[in-house]
Amino acid sequence: MQEKRQTQLKASPKSESAKYEEVLKNYEAVIGIETHVQLSTLTKAFCSCPYNYGAHPNTSVCPVCMGLPGALPVLNSKVIESAVKVGLALNCKLSLSSKFDRKQYFYPDLPKGYQISQFDIPIAAGGYLDVDLPVEFGGGHRKLGVTRVHMEEDAGKLLHTDNGSFSQEIKTFPYSNVILTEDMYVDLNRAGVPLLEIVSEPDMRTGIEAAEYAAELQRLVRYLGVSNGNMQEGSLRCDVNISVRPHGQEEFGTKVEIKNLNSFSSVSRAIDYEILRQAQLHSQGQADQIVQETRLWEEGAQKTFTMRKKEGLADYRYFPEPDLPGVNLSVEYISNIRDSLPELPETKRRRYENMGLNMQDVLFLANDINVAAFFDATIATGADVKLAANWIMGDIAAYMNNEKLSIDDIKLTPQELGELIASIKGGTINGKIGKEILFELVAKGGTVKGLIQEKDLVQASCFTFLRNIADPSEIEKIVDKVLANNPKQLEQYRGGKTKLQGFFAGQIMKETKGKANPALLNKILLEKLNTKP
Amino acid sequence: MLSSAETPRLLRSPAALTFKCLHTSPILTPASTSPSPSQILTNRKALLSRQTSAVDLAKSLLHRLRRYEPQLSSFLYVSPDDIVLKQAEELDNRIKNNEEVGPLAGVFVGVKDNICTRDMPSTAGSRILENYRPPFDATAVRKLREMGAIVVGKTNMDEFGMGSTTEGSAYQVTANPWDLSRVPGGSSGGSAAAVSARQCMVALGSDTGGSVRQPASFCGVVGLKPTYGRVSRYGLVAYASSLDVIGCFGSSVADAGILLNAISGFDNFDATSSKQEVPDYASQFVPLDYMESKPLKGLRVGVIHETLGNGVDSEVVSSVRSAVSHLEELGCTVSEVSLPSFSLGLPAYYILASSESSSNLSRYDGVRYGNQVFGEELKSLYGDSRAEGLGSEVKMRILMGTYALSAGYYDAYYKRAQQVRTIIRNSFKDALDKNDILISPAAPSVAYKIGEKKNDPLAMYAGDIMTVNVNLAGLPALVLPCGFDGGSAGMPVGIQMIGAAFDEQHNLSRDVRSPCPWVLVENLSFVRERVTES
């Protein structure tokens with residue numbers, strides 16, 4: 001739940017901000033992000049092993065993903081489909097014919113000694129991502145460039161034993177060479193899991209922009225259903241490149257890479273820390289101390305530390321992967337996928353904005369595809385847009401938060417929320433009772449109508465004295481009057497627009513200044529409405 | 001053609017053979033270089049007609065295998081007798097009960113050690129994979145077994161297929177059955193020697209730059225390199241992925257064809273395998289006896305000019321030329337074709353093959369499987385495992401390939417070699433548009449002495465000139481014996497016939513202009529003088 005809601009950035013105390021503002025008067029940061037998105041395909045990229053995060057080490061492996069002699073990769077076509085979806089969603093130009101390449105380096109988590117990746121011809125390139133910055137950070141819209149999207153395979157993991165002894169499973173694994181040292185071994189479950197690497201243009205200038213770019217990517221892959229985008233599980237990994245230069249300077253400063261960013265807020269804070277660090281070195285005339293290196297963000301210290309200095313450029317000796325044929329896309333294939341794309345976050349936000357919702361609401365509702373779907377389904381029942389938004393963002397969100405549930409877990413359906421809103425708006429029930437009913441609905445389910453009736457029984461026993469119009473004949477008169485005063489609506493109702501029942505009920509309540517017994521009122525109203533003249 | 005009654009003769013002790021034994025060891029005289037009948041078909045006939053039993057066949061074959069093995073060293077691993085006999089017994093029971101038997105029932109196969117077998121070690125001739133047992137059968141092996149074939153063992157080879165003599169094996173040196181002081185060729189030298197000495201009926205090899213064809217030529221057997229993609233590479237330990245193919249050895253063209261038929265076809269586990277339909281090569285065999293006097297009439301044969309000039313032994317040239325005249329007698333239209341790019345093949349091949357191998361062999365790092373030299377740190381685990389596990393030829397090629405792929409050199413080497421490859425492919429295509437088959441020697445010389453080229457890798461590489469172009473172009477080629485160096489007393493010479501892609505088969509009776517009659521003409525052979533000796 002926490003993870004699912006992390007997309008939206010929370011405002012952080014701006015204690016550092018004064019210092020930050022001061023520095024940014026003279027310096028500008030240039031930020032680019034390299035994101036790895038783990039695709040949630042049923043099987044790995046080049047073999048039929050499933051991937052389940054957290055599975056026991058080396059239980060989801062086969063000759064192919066272990067790099068056994070003689071094993072060959074065969075591409076999972078879902079990987080291409082996902083890449084095309086993401087490429088299209090990022091407004092990229094797709095390569096009709098791309099290919100796979102081998103990126104070569106030695107590391108124990110890389111079973112073949114090379115990673116199957118794409119080098120000079122990525123499947124998609126030259127796109128952009130629209131982001132809306134959080135309102136609490138000043139808001140604003142940015143169009144951030146996407147350099148390229150390419151497909152590749154993930155590596156395994158190096159694991160350490162907790163107590164220096166290996167589990168029986170590891171020791172008896174047929175390839176016990178995976179034990180490397182006295183307390184380190186290789187887990188290849190993740191090896192061969194498909195990734196998309198998405199490289200941004202150096203278009204971002206602040207930590208918030210960068211974090212929102214990453215958050216929007218997460219939103220996008222979740223909307224597309226190609227990844228769970230979960231940062232803590234490593235399904236979405238961000239490496240940030242950052243340099244600082246004096247305002248007005250054309251060329252970039254020395255670039256530093258930051259890794260180990262496990263949340264959007266760490267992306268934002270790490271960048272702000274790094275901007276400050278670099279800008280201070282600049283202003284102290286020590287710009288030469290900024291060297292090309294990889295730094296790690298340490299969450300505890302809230303600082304970046306040098307991990308390794310770059311010893312020149314690594315030579316990965318890329319060459320075309322001879323075990324895989326080229327990747328050829330037909331125009332028809334692409335257009336079929338394009339037609340199947342869901343409404344994307346940016347489009348959704350603009351639509352909500354045009355409905356008259358404020359930006360805070362828009363960002364909240366469009367943040368989570370399931371919340372957005374719930375909202376869309378609610379307003380499809382004819383519910384008032386603003387009221388629907390308020391209920392979802394208010395009491396429903398609060399309930400979800402407290403109970404650590406997602407919107408799919410609650411018992412309330414959009415239809416009933418629509419009904420509830422209509423009942424309140426129509427005056428059948430007041431807001432206070434509406435709230436009570438809502439809590440019943442989210443926790444236990446049921447229908448608004450059913451619950452109103454239940455509540456009414458309660459009302460009848462305890463609160464009858466509050467109601468001075470419980471006489472059916474008196475209510476009948478008022479009903480007749482209201483129907484006579486609204487012939488157009490009556491005609492529409494009888495033509496099938498039965499939702500207008502709420503409207504009539506509202507009018508009657510107005511007429512009686514809220515004093516009519518709702519159950520009686522509805523009963524009589526329905527009879528009258530459904531009696532053919 | 002031999003009648004089925006004579007079938008057991010193929011497995012009889014060589015002393016009983018009627019050939020004049022002109023070799024260093026009379027015992028090791030290869031069984032036959034005459035137009036061999038199909039061992040597979042004759043055995044099948046004998047088994048099904050119950051003239052012989054699979055157990056008897058197995059026993060005599062194992063006996064022969066073990067008898068010659070000390071001198072030849074063609075096998076790195078021989079299946080235990082009881083396992084082979086058990087399979088033979090099962091087959092006999094099926095025959096007894098009139099149950100259906102597979103098309104390769106009772107066929108005893110040798111498998112090159114770089115082709116994975118789940119019940120036998122698969123070391124690819126390398127120390128780094130010593131005792132390594134794969135958890136799966138290569139697709140080709142699986143298919144053979146499904147069709148009833150019995151794998152008798154794993155044959156010796158140059159480490160990872162890198163070599164032309166089988167001296168590059170980390171374990172043993174294989175001798176040429178025709179002359180034990182000579183190499184059997186390589187890298188599939190074990191398979192070639194084993195088939196030549198009848199230690200098995202047929203064998204699988206692999207061909208990256210000639211590793212089936214050159215040893216076939218050196219050992220006087222039939223070697224078939226299929227079109228790239230015809231046979232699945234799944235389970236073939238990779239040397240150079242874009243060039244590697246699994247190939248077939250047999251004592252007759254028919255056997256090589258039947259074996260190819262069995263292992264061909266698209267495989268879900270190899271994305272580079274072809275979906276092209278596999279014709280039933282065997283059903284199209286026409287015994288030469290039944291043919292008209294000019295059975296190959298209309299077949300256009302192009303002799304590659306560049307392969308019969310300088311650097312090629314004169315005996316080799318004359319054997320090939322006389323085979324060509326024989327083809328003319330059979331009705332072929334012979335012309336000489338020039339492939340000016342032919343000599344470019346060797347350097348291009350060595351750059352591409354080394355580059356791919358430097359990558360393919362990265363996985364032998366001591367992590368997961370194979371020999372691991374436990375190190376203080378990762379770097380030494382890698383370094384020591386590879387230093388101890390890999391041989392010098394392999395190291396040299398890894399270094400060359402790493403160099404060729406390095407930043408700053410890629411364009412000058414790898415990329416340039418790929419451009420040459422395209423030129424070669426196009427020139428072969430042009431030549432095969434005008435000709436049905438192209439002809440060259442299989443190697444510029446006959447088998448040379450063990451040790452002769454061991455310290456001169458460039459001389460060894462030069463011997464691959466005839467074969468590497470075919471891999472670069474991805475074409476099918478057949479090598480079969482066509483004569484002897486120094487008359488019938490010498491070493492066998494092989495002729496290479498190159499066809500168009502996926503034209504391994506040919507239906508002569510319907511379309512004489514289709515290329516590659518080799519699999520079709522069951523008994524086609526060029527070694528006529530030997531026939532008369534028997």
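Just so it is clear, glycine is given a Cβ too, placed from its N, Cα and C backbone atoms.
TrEMBL annotations:
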- B:LYS112: active site, charge relay system (ACT_SITE)
- B:SER187: active site, charge relay system (ACT_SITE)
- B:SER211: active site, acyl-ester intermediate (ACT_SITE)
- B:57-506: domain 'Amidase' (DOMAIN)
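Sequence features, as recorded in TrEMBL, placed on the structure.
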| residue | record | DSSP (3 states) |
| --- | --- | --- |
| B:LYS112 | active site, charge relay system | strand |
| B:SER187 | active site, charge relay system | coil |
| B:SER211 | active site, acyl-ester intermediate | coil |
Query = What average pLDDT does the predicted model assign to the domain 'Amidase' (B:57-506)?
reply = 92
Query = Name the residues of the same chain, 6+ apart in sequence, whose Cβ is under 8 Å from the Cβ of B:SER187 (active site, charge relay system)?
reply = B:GLY125, B:MET157, B:ASP158, B:GLY161, B:MET162, B:GLY163, B:SER164, B:THR166, B:GLY168, B:SER206, B:THR208, B:SER211, B:PRO215
Cβ neighbour count (within 10 Å, all chains shown) around B:SER211 (active site, acyl-ester intermediate) = 37
Remark   = Counting across all protein chains, other CB atoms within 10 angstroms of the CB of B:LYS112 (active site, charge relay system) number 33
